[in-house]
Amino acid sequence: MPVQGSPRSLLGAVNSTPTATPHLRPAANQTGPQCLEVSIPDGLFLCLGLVSLVENTLVVAAIAKNRNLHSPMYCFVCCLALSDLLVSVSSVLETAVLLLLGAGALAAQATVVQLLGNVIDVLLCSSMVSSLFFLGAIAMDRYISIFYALRYHSIVTLARARRAIAAIWAASMLSSTLFIAYCDHTAALLCLVVFFLAMLVLMAVLYVHMLTQACQHAQGIARLHKRQRPVQQGWGLKGAATLAILLGVFFLCWGPFFLHLTLIAVCPQHPTCSCIFKNFRLFLALIVCNAIVDPLIYAFRSQELCKTLKELLLFSW
């Protein structure tokens, strides 16, 4: 939370980096490039957060209600939704507090505001880290279900899934607390960036391997049924499109934020980097957008979950 006098706050530390001058003007006393700042209105940011909040709350409620969805796979999906929900809550809470402080409707001592900012930062950082962890866990779960189908239920048991979930939440809280405490150190920023790259590589390798295996399986079935080549190619293109959407959404929504952190560590004073720093709020908005898209990719494609969700909505009326 960007609170003055809170240098150890995540958002305060990130936003306290040297920035360029406003929209489309060269920075003062510099010959660097013109800076384009994409402004995200507070109202739009709040709306995105509220949409994500409602959407992920429905996913968590549907999985909790239906016992048929209490499997390891849906436990990971539920935890991903919970992580995205916390991203939304922390983002909405931070924006609301800043608006109230700016309007003078919320009077608080500097120490109280600083403490609140640190709490929100830990919540936001831990929810981001856990969200990345659970995206990787879902990819591994799907990989095991395809390549070790006969042993899947003995490998991925509910007890092991629960232990993995507990370990992920504990690691997320610990790492985010350490990051907030040492966010002014370059090593802390780079560790977070390396973690993101590791999750990106893990997901890419697993999903690409799954796609190639599925294509080979489809070709084998096509040969048995003597189908034509265009049918095989059409299936392969569909799978490739799905993979491109999955990894593309992940990279486009998370990549700019971690590029921001990388540039803070590498070139905090460079004019071009300073231009990028001005769009930090846009990068946060993209992460909130990812929290909106995740249920569409990982949850709402399940007929069982959608059926339970309809029952919940009808019952509420």
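Numbers run from 1 along the shown chain.
Glycine residues also receive a Cβ, built from the backbone N, Cα and C atoms like all the rest.
According to the topological domains annotated in Swiss-Prot, L36 and T212 fall on opposite sides of the membrane. Within the model, the topological domain 'Cytoplasmic' (212-240) carries an average pLDDT of 62.
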